[in-house]
Amino acid sequence: MKKINTKVILLTVIFSLIFFWTPLPYFIEMPGTSEDLRDHVIVNGKKDDYKGSFMLTTVAVRQATPFTFLTSFFNSKQELVSKKEMMGNSNSKEYDQMQNYYMKNSQNMASKVALDLLDKPYEMEYKGVYVMSISDNSDFKNKLTIGSTISHVDGKKIESSEELINSVQSKKVGESVTLTVEEDNETKEVTGKLIELDSTKKTGVGISLIDHTELVSSENIKFTTHDIGGPSAGLMFTLELYSLLSQKDIRHGLEIAGTGTMNSDGEVGRIGGIDKKVIAAEYAGADVFFAPDDPISDGLKEKYPDIKTNYEEAVVAVKANKLNIEVVPIKTVNDAVKYLENKK
């Protein structure tokens, strides 16, 4: 009987651990889930009980290891994305906070548009300026966090992101400014020095920002999306809310999946990973897939000559994967509503 070489065993174990478990600075995207929105949206205490369903679609993401990095090249439904490409300069916590904000904003916009469609009253309450990113050279780098909301500058309440920008631009580089910040349901004040912004050469805090508003309505609208993030469920949220608020069956028994951002005017915007989302929709048994038919600007065409609309990308994915789902181009929420009305 041969003696087992412990060195060989040890090296094999170490190699296996490295090959199968070591995280790489890459992520693998693949078809995710299709979530029935009756499980995620409640209006005035009631869930959707009509036949069929509206479904949001997701892209599954996992961090690559040497093993999955290599195997992804042999799976046409998987795509390798660098950490830099996916997260930019954000760390995991900051990235998750941004995705949570995008999800909340999509719910806010969906509520607004659905109420607009039905001429129901509401108010948009201004909360302040939402911090989206912080420059490395900002004096507020370790004083602010992504996801916090700035409500006052030097004790004065701000009513728009433009007002904050103008307020700090009136000061000199190196001058101190105090920001009132709401973070994790707590209010605090942070003070730091202003810098010259690389992009504009003007005085600034050194953050990217967006207005933070919340919709206030007599309609009791609740979302339970838990660990789902990003802005791409806006269209499907709007349709689910429209059905619940109008108390009308607009699906007529169809299983309808889709994707697309929603702006305040009801326009449907471009999203990423639609080739994977349409596959997820087919796996879930959807009859129809709503895809953004987003306009491509001349600038984008010049920079990316082969660029396609989301709708065109979805059609290519359907053909490549021999799917049976019907893909419908959608520019505005009204396009989706009209399509459904014609299905009566």
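Note that Cβ sites are derived from N, Cα and C of the backbone, with glycine treated the same way.
It should be emphasised that the depicted structure is a prediction, and the values quoted were computed from it without experimental measurement.
Now, the feature entries from TrEMBL:
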type	residues	note
ACT_SITE	Ser232	active site
ACT_SITE	Lys277	active site
DOMAIN	227-343	domain 'Lon proteolytic'
TRANSMEM	7-28	transmembrane segment
### Integer average pLDDT (0 to 100) for the domain 'Lon proteolytic' (227-343)
95
### Task
Report, in whole Å, the straight Cα-to-Cα distance of Ser232 (active site) from Lys277 (active site).
11
